[in-house]
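Engineer: Would you mind keeping the following structure in view while I ask a few things?
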Amino acid sequence: MQQNNGNNVYVASLPLEMSDAELMNLFAPFGIVMSAKIMREHKTRQSKGYGFVLYRDRGSAENAIRSLNNQVMGSTTLHVRHAHTSASQDLTKLCRPLPQCQQPQPQRLHVQQPQHTPAAAPPPAHHAITTHSLL
């Protein structure tokens with residue numbers, strides 16, 4: 001069985017408390033799950049909020065993607081895609097700054113226009129003084 005023929009699924013925005021077994025149970029209704037793994041910080045074992053589900057066949061992976069992508073789970077919305085390198089990297093970058101891909105609300109900046117002040121008068125011109133020596 002190959003992992004690159006469309007049967008590997010990338011899942012982002014997972015609840016941080018979810019276990020590998022719960023991930024497997026979530027994806028099991030769509031086909032035979034060969035493995036389900038949530039990525040974790042090496043030292044703390046804290047969830048990174050994303051994981052991978054490997055199905056036995058591509059059709060099962062496609063069913064899961066159609067059914068679970070953009071589904072709300074608790075306080076987060078799942079993002080489910082085929083596990084292509086570029087898609088995985090893009091979603092991983094998106095999820096790193098804030099857990100669960102929650103982006104901050106944009107803030108409006110109010111910029112005041114500078115007040116027009118009249119230009120200062122130029123300093124008086126200095127004239128060169130020449131001295132003539134009388135010889």
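Every residue, even glycine, has its Cβ placed from backbone N, Cα and C.
Features from TrEMBL:
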type     : residues : note
DOMAIN   : 7-85     : domain 'RRM'
COMPBIAS : 102-119  : compositional bias 'Low complexity'
REGION   : 102-135  : region 'Disordered'
COMPBIAS : 126-135  : compositional bias 'Low complexity'
Engineer: Under DSSP, the domain 'RRM' (7-85) has how many residues in helix, strand and coil?
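Structural biologist: So the domain 'RRM' (7-85) is made up of 23 helix, 30 strand, 26 coil.
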Engineer: Quick one: average pLDDT across the domain 'RRM' (7-85), no decimals.
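Structural biologist: A mean pLDDT of 97 is what the predicted model shows over the domain 'RRM' (7-85).
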